[in-house]
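Engineer: Below is one structure. I have some questions about it.
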């Protein structure tokens, strides 16, 4: 029995560890360090219909416990992704999750309709929560009605299950999650980065050319855990949790909160071997905690409370 096997809509994962979109490119660089077949899946970099060159530099700033980024969805565009990147990934026995982005609803629909036809794309991740672009992105993820409408429109054209990436930069994430579920989403991924800023001590000006950027890394893990904990209790669709994961212990904590799988982001920049290391360490941690299968951890924090009432 594979103790780490996870079954999600459109995704049969040998383990629940997935490199997060934007922190793994299309896998080429990391394939130099290890066999990507050990992963559960890969969330490829956000894809837009036309190539995007991203925001001006500087686009990255270190922070205590993480980093700020304002990349701005730089990517080679749908044609290049489907003509080069996805075919390259076919050599691996991995279900690919394609991250879809755009400036308006029609952009998402156009990309989703085409990229969902790729033979190795098993699910879509709608990026409605990027805080680093002036149009689209987070604008779709902070309003329940708009988020639901976009989800519904994409579901109508997609040939694979649709997961929606939630923004933490909202007052009530539960309301948005429910609206997206009711619109037909097959799953949720959460959370995206928190909007932040750093100032230069000598100039008093923002370090990032974009002024603000998305905060990621261990600093946001408590926020991510809290939000997964809240949302998982009110939706009936699976959650892929993310935000500051860098160890097997972090993975279990997200499962306790209610996640069914996890995505590892910023930690890949610090240690390119972090994903295979976590996968290797998970079975012994399950032994230590007395679990036979990773699924036994799912929602344990709140399910125990419900059972004791």
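Glycine is no exception: its Cβ is also placed from the backbone N, Cα and C atoms.
Source: prediction; values computed, not measured.
So Swiss-Prot lists these for the protein:
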type: BINDING; residues: 21, 45, 46, 99, 127, 165, 191, 217, 243, 244, 265, 266; note: FMN binding site
type: BINDING; residues: 45, 69, 70, 71, 72, 73, 127, 192, 193; note: substrate binding site
type: ACT_SITE; residues: 130; note: active site, nucleophile
Engineer: Whole-number Å distance between the CA of residue 21 (FMN binding site) and the CA of residue 72 (substrate binding site)?
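Structural biologist: Distance (Cα to Cα, whole Å): 13 Å.
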Engineer: For residue 265 (FMN binding site) and residue 193 (substrate binding site), determine the Cα separation and express it in whole Å.
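Structural biologist: It is 10 Å, counting Cα to Cα.
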Engineer: What does the structure give for the C-alpha distance between residue 46 (FMN binding site) and residue 72 (substrate binding site)? Integer Å is fine.
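Structural biologist: About 10 Å separates the two Cα atoms.
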Engineer: Taking the residues 45, 69, 70, 71, 72, 73, 127, 192, 193, which the record names as binding substrate, find the longest CA to CA distance and state it in Å to the nearest whole number.
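Structural biologist: Overall maximum Cα spacing for these binding residues reaches 16 Å.
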Engineer: Would you kindly give the Cα-Cα distance separating residue 127 (FMN binding site) and residue 193 (substrate binding site), rounded to the nearest Å?
Structural biologist: 12
Engineer: Between residue 45 (substrate binding site) and residue 127 (FMN binding site), what is the CA-CA distance rounded to a whole number of Å?
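Structural biologist: Residue 45 (substrate binding site) to residue 127 (FMN binding site), Cα-Cα distance: 10 Å.
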Engineer: Please report the distance from the Cα of residue 127 (FMN binding site) to the Cα of residue 72 (substrate binding site), rounded to the nearest angstrom.
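Structural biologist: On Cα coordinates alone, these residues lie 12 Å apart.
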Engineer: How big is the gap, in Å, between the Cα of residue 70 (substrate binding site) and that of residue 191 (FMN binding site), rounded to a whole number?
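Structural biologist: Each residue's Cα considered, residue 70 (substrate binding site) and residue 191 (FMN binding site) end up 16 Å apart.
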Engineer: Between the two most separated Cα atoms in 21, 45, 46, 99, 127, 165, 191, 217, 243, 244, 265, 266, the residues recorded as binding FMN, what distance in Å do you get?
Structural biologist: 20
Engineer: Using the alpha carbons only, what distance in Å do you get between residue 243 (FMN binding site) and residue 72 (substrate binding site) once rounded?
Structural biologist: 19
Engineer: Select one residue from 72, 243, 265: among these binding-site residues, choose the one with the most other Cβ atoms within 10 Å of its Cβ.
Structural biologist: 243
Engineer: What's the CA to CA span in angstrom from residue 72 (substrate binding site) over to residue 191 (FMN binding site)?
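Structural biologist: That separation, Cα to Cα, works out to 17 Å.
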